[in-house]
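Trainee: Can you keep this structure in mind? I'll have questions shortly.
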Amino acid sequence: MRGARRAWDFLFVLQLLLRVQTGSSQPSVSPEELSPPSIHPAKSELIVSAGDEIRLFCTDPGSVKWTFETLGQLSENTHAEWIVEKAEAMNTGNYTCTNEGGLSSSIYVFVRDPEKLFLVDPPLYGKEDNDALVRCPLTDPEVTNYSLTGCEGKPLPKDLTFVADPKAGITIKNVKREYHRLCLHCSANQGGKSVLSKKFTLKVRAAIRAVPVVAVSKASYLLREGEEFAVMCLIKDVSSSVDSMWIRENSQTKAQVKRNSWHQGDFNFLRQEKLTISSARVNDSGVFMCYANNTFGSANVTTTLEVVDKGFINIFPMMNTTVFVNDGEDVDLIVEYEAYPKPEHRQWIYMNRTATDKWEDYPKSENESNIRYVSELHLTRLKGTEGGTYTFLVSNADVNSSVTFNVYVNTKPEILTHDRLMNGMLQCVAAGFPEPTIDWYFCPGTEQRCSVPVGPVDVQIQNSSVSPFGKLVIHSSIDYSAFKHNGTVECRAYNDVGKSSAFFNFAFKEQIHAHTLFTPLLIGFVIAAGMMCIIVMILTYKYLQKPMYEVQWKVVEEINGNNYVYIDPTQLPYDHKWEFPRNRLSFGKTLGAGAFGKVVEATAYGLIKSDAAMTVAVKMLKPSAHLTEREALMSELKVLSYLGNHMNIVNLLGACTIGGPTLVITEYCCYGDLLNFLRRKRDSFICSKQEDHAEAALYKNLLHSKESSCSDSTNEYMDMKPGVSYVVPTKADKRRSARIGSYIERDVTPAIMEDDELALDLEDLLSFSYQVAKGMAFLASKNCIHRDLAARNILLTHGRITKICDFGLARDIKNDSNYVVKGNARLPVKWMAPESIFNCVYTFESDVWSYGIFLWELFSLGSSPYPGMPVDSKFYKMIKEGFRMLSPEHAPAEMYDIMKTCWDADPLKRPTFKQIVQLIEKQISESTNHIYSNLANCSPHRENPAVDHSVRINSVGSSASSTQPLLVHEDV
């Protein structure tokens, strides 16, 4: 067959040669008669197999040129014949023959190659809303199901449509932005088998439908001459084809522009253009425009530069600089000011010498380019002596400026003196502002309101202070020798604020001659009166020397440097929800007594439940107590109600304040104070932790019994007086009480609580340290300072739970050797921080010092601190020189480290109680910590009605505001 084709081709060539030879004898052909060349074979398509020959002939009277196009690539041949001896798939394409007249004919050749069904050109680009051609033409037009398929079997988007052309490829219609990075294959069925082309990834160029987004870093700049000007312009668009530039109002400005571009996502192109003037000049001031445009349109944004030769400050008072305010009222002095560069120093000055800190300064706007500020001076409850000049001073690196307010305090007149002069004159001296007027009035008898005016003889005016802002003093006098009748003279001073009066009462009597007996009697009377006065003074002095009952716990209201301002406990509210009926209290034995009062064991019926009885401790005054002691006990009640409940303080349960003497009902702690508990347990102390011994089996909760025997045991509530002996209970039939875990819950029948006969070990001491630190952290969170933290002021109750207390009236400090006379007070000197001893400063940090002494007591099993050292001048000197106690016998090294940090001479270097809790928490066993955490969630008492408590405010040396309100309570 191939031989027959060659023979036919030979005849075709021969015919062509004959035409060429005879062409010269034929007439010329006009352009209108030109026809396209002829291609042999005369087909529009030709299918050959790979390896076969491709032979194409082009006939035309003139010269011809062959062009081969495949996958957008062109090849040319100037011969009339195009021959490919061994065809390949890449020879698939369109062959075009063009004559001299530009007319052409084409034939498309398919080179069928089973190994290469598709011709592929992998780069695939498409513009949004336009068509995109996937160049994967076929080499075999006879295959079926020619289409597109997603990679890895993934489906194509539902809205994707395409048109398949075996010669060109597959055209995706109306490309969308969502098609970006779409992976696909061309596919077809060949011989019943699906064939896939190489992978195509569609990259979509977004259609531009909006102008670029342009923004600058700041809308305006203010600079001093010589400073650098740098402004950043950010351009956002969907593609990088956006154009941008800076346009300067002053073309002479020398500026540099740096460009930085990047893509942030597929269709988010960003460009930064930073314009910089290294040293700005005044004539560089003006408008700078950042301009950007794309095919849709343009956008721009401007920034303004103002360059000044030097900085400035302009102050604008927001009120009249002359201010009148009444005595006791508040006034705010407000100024606004512009400053560039930023102000470095701002201050309010009183009378050009005294600084005041009751002011605040803040920017007028949060805008970065803001140069306007506001300063406010808050003057509260002004007194008459606080009038004067208040000056606001502000300065920056270049200039300073000020404005002065003249504040006048209007005060009600005050009668300073009213005297009878030797020359028969009555003189009245009054002071006030504005200038008071003094009028004189006369009335017969001893009336307190006179209406008959009397003209003054002499009136003098003087200023009561050096400055013109003080009270004005008026002297006025009248002659009373003209009055012939008994009566009253009123001196009445008044101004716009108010008035005040003083009265003179006088009577005219007959002259009486002295009697000879009168003088000795008068002398005797004067001597007796003098002696009585001396006796009264001595008794008063002794009374004042007597220690007064004072609430040790102090609640801090604010801190000014090293000065603590305490809340007056008498001003704290008392919620009558704490009231408990007196007739439901059944009093028992006295637990302890002091100079001012006593604590009595009692049974309260219906305190927790209506049908339940509970053993409580009731604090009350002695019948001989004075008013100050009664007020102090009420203050103690208010402080306890303010604090609220915590497991490690002696909590308030109720009170009786109506219908009789004040009674304060608190928790009853049956094991007494911790100091004597430690001393009792010295002989049975186990040096290692109890959990390491077999005795750990004894530590169990006993919840099946119905009554507590604690109240039946020997009373060891507290050491009220020296010399009281303590006897360890020895009932043979008592079971050993639970060490931890039998704490009373609100709705649970109380567990049996027996006298604690178990031994003491190191884990117990760590537990006591941890609990007391938790309790003190709670007090500190309520801004409460204890001032007398010691083992004697820690009580112990069921489950070896420690509770911090304030004995107050119930301790006989007069006979307690721990309290040393210092001035007219008795103080626990060995427990006090140096700043408390020498400067009478009590702070949260001084409580931390006392806690360190408490730890020493604890790990020495109740020894007295600074053993063998009397409190004398030598003791004070050693404390000043930094003497500290050595580690107690049973203290681990970590606990002694805590003691030493608590005894740091610098209060600010001492840890807080919260930090101490965290340090000790690392040393106690996990079981103890877990049990304590469970107990802390129990609330054994009725709800505390007090609300809105406070967290600890800043302590000594705090950098925060010097005066802070009480904040919302945070849990400890």
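Using N, Cα and C of the backbone, Cβ positions are placed for all residues, glycine too.
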Trainee: Pick out which of CYS58, CYS136 Swiss-Prot lists as the disulfide partner of CYS97.
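Mentor: In Swiss-Prot, CYS97 forms its disulfide bond with CYS58.
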Trainee: If you have Swiss-Prot open, could you say which of CYS183, CYS186, CYS290 makes the disulfide with CYS233?
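Mentor: So the cysteine paired with CYS233 in Swiss-Prot is CYS290.
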Trainee: Suppose a student reads Swiss-Prot and sees TYR564, ASN793 listed for Mg(2+). Which of ASP575, ASP806 should they find annotated at that same site?
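Mentor: Looking through ASP575, ASP806, the residue Swiss-Prot assigns to the Mg(2+) site is ASP806.
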Trainee: If you check Swiss-Prot, which of CYS428, CYS443, CYS656 bonds to CYS491 via a disulphide?
Mentor: CYS428
Trainee: What residue among CYS183, CYS186, CYS443 is stated in Swiss-Prot to be the disulfide partner of CYS136?
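Mentor: Here Swiss-Prot pairs CYS136 with CYS186 via a disulfide bond.
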Trainee: When a 10 Å sphere is centred on the Cβ of ASN94 (N-linked glycosylation site), how many other Cβ atoms does it contain?
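Mentor: A 10 Å sphere around the Cβ of ASN94 (N-linked glycosylation site) contains 17 other Cβ atoms.
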Trainee: Just to be sure I understand, if DSSP states are collapsed into helix, strand and coil, how many residues of the domain 'Ig-like C2-type 2' (121-205) fall in each?
Mentor: 6 helix, 44 strand, 35 coil
Trainee: For SER887 (phosphoserine) and TYR932 (phosphotyrosine), what Cα-Cα distance in Å is obtained after rounding to a whole number?
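Mentor: SER887 (phosphoserine) to TYR932 (phosphotyrosine), Cα-Cα distance: 27 Å.
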Trainee: Say you check the Cα of ASN486 (N-linked glycosylation site) against those of the recorded positions ASN145, ASN352, ASN400, TYR564, TYR932; which is nearest?
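Mentor: When the Cα distances are compared, ASN352 comes out closest.
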Trainee: Counting Cβ neighbours within 10 Å across all chains shown, tell me which of the recorded positions ASN145, ASN283, ASN320, ASN400, SER887 comes out on top.
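Mentor: Selected residue: SER887.
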Trainee: Of ASN145, ASN300, TYR566, TYR932, which is closest to ASN320 (N-linked glycosylation site) if I measure between C-alpha atoms? They're all recorded positions.
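Mentor: Of all the candidates listed, TYR566 is nearest in space.
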Trainee: So what sits near ASN293 (N-linked glycosylation site) in its own chain, CB-to-CB under 8 Å and at least six residues off in sequence?
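Mentor: The list for ASN293 (N-linked glycosylation site) reads VAL211, PRO212, VAL242, ASP243, SER244, ALA299, given in order along the sequence.
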Trainee: Counting only residues 6+ apart in the same chain, whose Cβ is under 8 Å from the Cβ of ASN352 (N-linked glycosylation site)?
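Mentor: Sequence-distant Cβ neighbours: THR389, THR391.
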